[in-house]
Amino acid sequence: VSRRRASEKRSTEMGNKRAEKKHDKHHKTTRKEGEKDRKRPRRRNADEEEAEEESSKEKKNIKNERTKTVKLEDEKEKDVKKKRKNSESESHSESNSDAESKDNQAVGVLGSLTPEELEQLKEAVDERKKLITTLKGKPWPMKKKLVILRESQEFVEKYEGALGKGKGRKLYAYKVLMMKKWMKFQRDLENFKTACIPWEMKIKEIESHFGSSVASYFIFLRWMYGINMILFGLTFGLVMVPEALMGKPYGSMPRKTVPRVEEASAMNFAVLWDFGGYAKYSVLFYGYYNNQRAIGWLKFRMPLSYFLVGVGTVAYSYMVVIRTMARNANEEGGGDDTSFNFSWKTFTSWDYLIGNPETADNKFASITTSFKEAIVEEQESRKDDNIHLTRFLRVLANFLVLCCLAGSGYLIYFVVRRSQKFALEGLENYGWWERNEVNMVMSLLGMFCPMLFDVISTLENYHPRIALQWQLGRIFALFLGNLYTFIIALMDAIQLKRAEEEIVKKNMTIWQANLYNGTVPDNSTALPITVHPADVPRGPCWETMVGQEFVRLIISDTMTTYITLLIGDFLRAVLVRFLNNCWCWDLEYGFPSYSEFDVSGNVLGLIFNQGMIWMGAFYAPCLPALNLLRLHVSMYLQCWAVMCCNVPQERVFKASGSSNFYMAMLLVILFLSTLPAIYTIVSIPPSFDCGPFSGKNRMFDVIQETLETDFPAWFSKVFSYASNPGLVLSFLLLLVLAIYYLQSTSKTYKRVNMELKKKLQTQNEENKRKNKLAALKAANELEQAKKAGEQCSNSASDLGESTQNVSQLP
Amino acid sequence: MGNKQTIFTSQQLDAYQDCTYFTRKEILRLFHRYRDLAPQLVPLDYKNQPEVRLPYELIGSMPELKDNPFRQRIAEVFSEDGEGNMTLDDFLDMFSVLSEMAPRDLKAYYAFKIYDFNNDDFICKSDLEKTLNKLTRNELTEDEVRMVCEKVIDEADLDNDGRLSLEDFQHMIMRAPDFLSTFHIRI
């Protein structure tokens, strides 16, 4: 889709530029219309004659002309390069002898043109150029397109050079050359960008086997991969690498060293898998970063960079999602328009991407069923059998779902508090389950609750599309509820850590006093006692803890997804395939049969995964890298699983006609997941001894600091004026007014649109009626004419017979 | 950029890039797909524009087209002789229109020609019946087919001549949400 947009945009941009230029010229030249009218027909005739001459010659013997013009074009390319230095007439004289006479003719004729006619010629040349750029979109056969392309190119070449006569000649020729170079550059860039798109063949295979709806999940995955690539580039290049290369190395500071107590177990695989030990005290997490204002010989502003990258990732994500939504919105028609129901079913239901006989069979069956359903709906009115029972059942179903949601929320909260209790008592006493309880519970809930919702929804008896929308809404609520419960529990943990921090601070002063105990109490002359960084008592670093929790969550989520995939799809397929021979009923047709690919469930999973990344990326810069790896593996694993274990869907129901449905969900998740991060940045003071903001009162103080120290004095003055509440408030008010204005204009446009539509419809009906009447009238007249004609012919035949009889008389 | 190919001149490649929605690499790849259908018929040197035409049977057996119920019509619409025998130019043109990058109005134009079975520039009732039968593999009864055709003409025919002209068709298809994603062949 993006490529089509780019090419359309380019051609319309070109077209618009040309159209604008044309408009300007029209305004200029309208005054002198009268004068030109005499001269113009002559000029135009000459032009047309020459063009006709050219085209007729071309059409007579195409082969010879083609080789000749290929040579011509070769030479013309050389000409273009020379044009900058020499004048145009000289370059033309070097071209092919056949074209030479024409060129000289053209130059000669042009030499005698008035400026207005030069303008006209310029317009013609621009028009030809526009034709060349929009040639792809013309519905002509390829041969015609190639011929017209060649003609237009020759026309442009011939007259463009000569047009530069007069004052702006050199500038014009230069502009033309730059434009050509720019177009070539753009084309090369397009070629390069297309070559970079990965997994094209894989997606094509899936499309041909499963149709476009399953493939849309993989296209979405690929798009997410692109976004994560950019996020990874930002965090890796601007945060992790500078600290690793230019910051103080491991072991030089307390925050960068594994504490003495943990040293023994720091290299254990179990600890590393849990992201403790050496993994915790590395660039992967927030706590490692030093709060030194400028590091290395580049004077790289590390804390500023950390903060800005955090803000930048969110801003970039917003921009990309909103831009994609806007693009998709342009394509939308009326959304759920039902005025062309049957027409659309007839002309747009066959999926041209299908390249597999089994999928084609399924598609034929589903199209037939869809038609039969639509016919039945059209013929009968819907029977409301027992609406009260249906309503009661639906209310019951919603009640059950709410209970489920509340239950899962409470379960998560309970488990998180329990895990905090375990942490306080020391994790070594507990087994694997207790340590990973929270993550496992969240992942298992995410796996089983949707199935439960599916079962409950059978009570409701909705149309499949509406049932799918309800299902998606419930899963969305489930994930959201779980995530926010998790965050609330995490907030409690943060508060605990901060309380602990106060205690540690007090202990630090006591410990330092003890250190100096043996030496002179006078601080000014005391030598600093070197203490190994591993022995210094450490404050609890709540930011690193938050980062760790998110990383653990992502990992367990990934593992659960893969294991579900392997067991749910692969194992099931293996069982069905191999046990089918020795089982009582046909496993492939009845229960359990092969699974279908659940597009909406997978898309939701992907969206929520991304939400967690956005939430945690500020505290664990390694998250985008981890996610990139995860998406890469997912792509290959799921492609394999889909081709190997799944069968094409029998009925395809899209959740909504609009392709913006999932984009809108992504936007909502983006908003909701950046809220907690923003809250913690704005309201909680950073830890005193870890991270790039340690020692500050609030994390965003780094901006203030940079403004004061790195920018000239007047800059910070301007900023302090700009952040005056009065100014900020009035600016906000202006924004709100602008939004209100834009919304009301768009509403007006929509209304006008509807009115025009209605007008068109009534007009059509009027026309129909009139045509019907006219048709009836015409039919009547025809009948009458026929009758009259018959009578005539009867009388004529009588006459003929009588004359025949007469002639036969002896 | 490695310009090591010897199949086309660079002018030819540029011209193809101007006339289709494909990049240089894709055009070369398409050429090889075309050639793979009949390596003995298609020469490796196209600089002199040889007149090579592949018969419809080969085109219709391509994996992208062989399951499509409209493949014969597609080949007929895009071929020069109207019989489905395609030159390389026709081949490139066909996949360019059916590619992701082609705009809606271009696709609508060609879709109209494809569904117009008798080539009279109108989609009349018999064309609709043929379309429907191909879509459902003759599973619908005659009554149902007749009903659907009447509904379609009712919905889309604006000038009320009992058949769909190009303007009617375009007006109807422009707002269809699925048109762009289904009228698409990836190659």
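Glycine is treated like the rest: Cβ placed from N, Cα and C.
Predicted automatically and left uncurated, TrEMBL annotations should be read as such.
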* Of the ranges A:300-321, A:564-585, A:608-629, which one does TrEMBL list as transmembrane segment? -> A:300-321
* Residues of the parent chain within Cβ reach of the transmembrane segment (A:225-246), under 8 Å, 6 or more residues beyond its termini -> 198, 283-284, 288-290, 295-298, 300, 302, 305-306, 309, 312-313, 316-317, 320, 610, 613, 617, 621-625, 627-628, 631-632, 635
* To do: Check the domain 'TMC' (A:541-656) for me and report the mean pLDDT.
  => 84
* Structure fact -> Residue counts for the domain 'TMC' (A:541-656) under DSSP, helix then strand then coil, are 82 helix, 4 strand, 30 coil
